[in-house]
Amino acid sequence: MWDTLWTDIHVATADPALISDQDGYGCIHNAAIGIENGRISWIGAARDLPDAPQNLAHKIHSGNGLWMTPGLVDAHTHVIYAGDRSLEFAERLNGVSYEEIARKGGGIISTVNATRHVSEDELFDVTARRVRRMIAEGTTTLEMKSGYGLTLQDELKQLRVARAIGTALPVRVHATFLGAHALPSEFKDRQDDYVSHLITDILPQAVEEKLIDSIDGFCENIAFTPDQIERLFIAANDLKIPVRLHSEQLSNSGGTKLAARYGALSTDHLEYVVEDDVIDLAHAGTVAMLLPGAFYFIRETRMPPVDLFRKHNVPMGLATDCNPGTSPSVSLTGIMNMACTLFRMTPEETFSAVTRIGAQALGLQNVTGSLTTGQTADMLLWDLAGPHELSYWIGGRRPVQRVFDGKLNPVI
């Protein structure tokens, strides 16, 4: 017998086999889902169940006619940090650019200083408060980056917090090493030396402690060059660790081509990519991870080329980019709305972007992100007219029930 059977539900599966021009969500109406050992054992129309529900499962839950979706996947966040940067918001409103703030010691570096000055336990506590809000908004899988430590001790501190969050809270955590996020003051004007430090000192220790699921970098004129990022990617390849990259957010610096050449799981931001870059992403099978929260918050005017991604069949993901300086957001449904209104993505595209494609961007497409047989039962029950409503509300639309790893969780 199954452990659990859900009945009286409508399901938006995000299953490519069910998605069509007429139905971009992969819907099954009047559906049922059987769960065993935390995984989906059966899904389909309730009329096709092989026996009476009471003969199939130890527990039966009724969805009372509501909508079930996959748990949401937030595949790009900087949620592990201490400190506050709300005053920078006022500076930006007065015309100070992101680059200017960064160059005078604000931006990322101010968060680095705050993060360095708290203990691991304190960092866990402030991070857990944010993550609980994300969970309440429907996130069941969460990418968490380092990059606010920039020393051996403090990068490991962030990565240990990521692992601890995944143990303490009902969320699947993908931990990303982002040591190449900014240049710390200790290495002023010595970027190459700092990259060597990342490769020879920090990365081996993080790998030894099994703290890393992927490696990221910030390739931009205020951060690191393609040549410097390539050194990091070579080290990642040697260790068989997948890579991803912040690229083409503020200018076209060549990072996207580099990421495609190394088969990156995703390249993120992408406001300044051109068609040749998009073609490279298509050939590599790399996800274009779009971050409308940052676009909105820093009042960027150049949009990522969504039409080119469609033209070349590049999968488009969405994430909150939750961070203290450019995207203080914990709501993936709010991000879905921004993607529709700012980037002209369709509601159907945004749904796939925060489920199946978000999982693909983390290399977890065979684990989570869709409601199909064999997938982990990460599921959300919503009081909606239909899945299109998820991208309609400007955030604040929360699930009424939550299933993580097959277990019914209280909505936090």
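From the backbone N, Cα and C atoms, a Cβ is placed for every residue, glycine too.
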**Prompt:** For the Zn(2+) site that Swiss-Prot assigns to H76, H78, H246, which of D3, D8, D154, D321 is also named?
**Reply:** D321
**Request:** Out of Y25, Y148, which one does Swiss-Prot list together with N323, G325 for N-formimidoyl-L-glutamate?
**Result:** Y148
**Asked** Besides Y148, H181, Q249, T326, which of R85, R103, R356, R397 does Swiss-Prot list for that 4-imidazolone-5-propanoate site?
**Response** R85
**Message:** I'd like to confirm something. Which of the binding-site residues, H78, R85, Y148, H246, has a Cα closest to the Cα of G325 (N-formimidoyl-L-glutamate binding site)?
**Reply:** R85
**Prompt:** If you measure C-alpha to C-alpha, which of R85, Y148, N323, T326 (binding-site residues) come within 10 angstroms of H246 (Fe(3+) binding site)?
**Reply:** none
**Asked** Counting other Cβ atoms within 10 Å of each Cβ, which of the binding-site residues Y148, T326 scores lowest?
**Response** T326
**Asked** Would you say which of the binding-site residues H78, H181, H246 has the most Cβ atoms within 10 Å of its own Cβ?
**Response** H246
